[in-house]
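A.B. asks: The structure's right below; bear with me while I get my questions together.
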């Protein structure tokens, strides 16, 4: 079964997006506690976007909701090391 040019382009774009997302997830998992500036509790990383943004942080700052094994709670981690 031959694919059309449109299907090939769509497949290539999908593959590229999936690959880049997986790379970002791997980098997020490598963030250590010493690389974070903590900004309160959270339920998901979406909550941390506003807490880790301007004016206090640059646009390159990533807000992650990370589990703290000492307190058994999730906290916002603001980091530029990703």
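Using N, Cα and C of the backbone, Cβ positions are placed for all residues, glycine too.
Swiss-Prot lists 1-23 with the feature signal peptide, giving sequence analysis as the kind of evidence. According to Swiss-Prot, the feature disulfide bond maps to 36-78, 42-65, 48-76, 52-77.
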A.B. asks: Give me the Cα-Cα distance between residue 65 (disulfide bond) and residue 77 (disulfide bond), rounded to a whole Å.
C.D. replies: 6
A.B. asks: Can you name the residues of this chain that are 6 or more positions from residue 42 (disulfide bond) yet have a C-beta less than 8 Å from its C-beta?
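C.D. replies: Residue 42 (disulfide bond) has long-range Cβ partners 48, 65, 74, 75, 76.
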A.B. asks: For residue 36 (disulfide bond), what residues in its own chain, 6 or more apart in sequence, show a Cβ-Cβ distance under 8 Å?
C.D. replies: 64, 66, 77, 78, 79
A.B. asks: Long-range neighbours only, meaning 6 or more apart in sequence with Cβ under 8 Å: which ones does residue 52 (disulfide bond) have?
C.D. replies: 37, 39, 61, 62, 63, 76, 78
